[in-house]
């Protein structure tokens, strides 16, 4: 298919790119570095022969997953309980790329397929104006260079004693700002001073925000937020909350010097690390209990495929559990699909700070570790390889189950839990996010999100009121904000066709003293099957009713309870409301944040399944995109019962900054659990051996150092 841009002459010839045959081990294996090279070369040849595009900047290059039924047939996984797997069909390896026309502007999307070692461009077209793909790591890095070399920025910095080489900038997507044309690719830069090489640059924020044109590589706007002042009656006043449509807005008060208290450096004589911590080692003398075959991981009874996406990071697929010889599917795909961080200060330009976050990777694990690499495309079309993108290891997880017969001579049994951890650390400018996927021996799956790093801060005048944040250090203001994550769950509980049941736990309506509820203590569970995408596809959490949801398979029931096999979704460790108004900029762009749970029917097309809850192209959207979860639930009155469904779960945390979060924030946790419910006949971890660790010993010599009589209480 020819792109929307003017085609080249009919005499031009497009030559497909042939590479060495790529035999993937698993149909969901990510594109290899060689494939990224080949795909980008095929696109260059195609655009040269068929379009007026003269210079290309690659932003994404990723696998287009094959259809689910084809993948399950290839892996021998049946679609329904007790059925035979479908017969395998040929799987065509496909790739997708977003790239920019550097000279004329505009974003193009291409889909390619691999046929006998040759990559062919199937479609290539110009996407809608304003549909900007994610900002690349290279663009984020170059933003600082653009800001630092700008003469106006240099002059403004010198006014407060900062030289050009001391200027540093964090590039962010700008999101909603209608002063600028939709076709301009924008970044906003928060500017800081760093006075020495390893100093905490966030300790010295400058009092202006810079907007750059990423393609033109120049500064196009500098904004100055207003200050707050306390009036004689004690109330707080602020300057203009709206932006001014002029090239440069100068701050109308005495500008704030940036020198403030900083992080202690190693050479700082006042900084002394603790010296009373003894070493603690994680040892596995016989090696690990998991095994890898390429990207396929097996650990005890779990088996799954681990992929890497430039946008999601970890993507876990085809997750199954060996239930006494029966391979039972649990999840088709599990990943973090989106995250947004809206800040709560209303004065311009801070409302633009609702970042849709993107990745820069690393890992921090203990014990015997296996790493998987990741790769993404650079601007030139070559792959950037992350050697240790994903970390896999085992760790102790406390007591799995325990019981003591308290009677004289009674026995006791303690079984410790071990969990498998698939993890990744993402550095997103000032913040670090740690994604941990935990798999347990009792069939539980947990997603744990840990937040740390350095607060995003802004300079404050001396004694300036701070109604929308906390003054965490002299002249350093940290705004209130939220972190909202959208977890994409493509379930496969005992097969591809599932339903969602909403359960409310409510007191018995019969009054105390009645025949039905004489003591007044009764309560019941009320279940509701979500049936209609339009009517039931968007759900709120209800604290008063202890609301929870289960992903069920109505085609398989438990032999004792008679209830459908299911996995329960336990969300209390991360439920929160969006604080912004429903018609706010951020709420219009991040519609997933309105509701705790979304359930939609999946639709597989040329570019795969329904994936991105805030749309495929996020950085400069101004309203809710058509391809977003808020629109999908309105897409006809289709059934979501016994269907191939996709869920989006909204979790997160509201962060009211504390001085204790400075200069580096201690880890904060957000948890989400998937728990088997009527799925197994009994506790599936009864075959885990009891604890008898010969390496454990008393902490101290003497009578008080010995173990207790029955191990009923332990501190460690």
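Each Cβ is built from the backbone N, Cα and C atoms, and glycine gets one as well.
A TrEMBL annotation is a machine prediction, not a hand-curated record.
TrEMBL assigns the feature region 'Disordered' to residues 609-629, out of the candidate ranges 567-587, 588-608, 609-629.
Mean predicted confidence for the domain 'Copper amine oxidase N3-terminal' (133-226): the pLDDT average there is 92. For residue 431 (2',4',5'-topaquinone), the count of additional Cβ atoms within 10 Å of its Cβ stands at 18 [all protein chains shown]. DSSP assignment over the region 'Disordered' (609-629) gives 1 helix, 0 strand, 20 coil.
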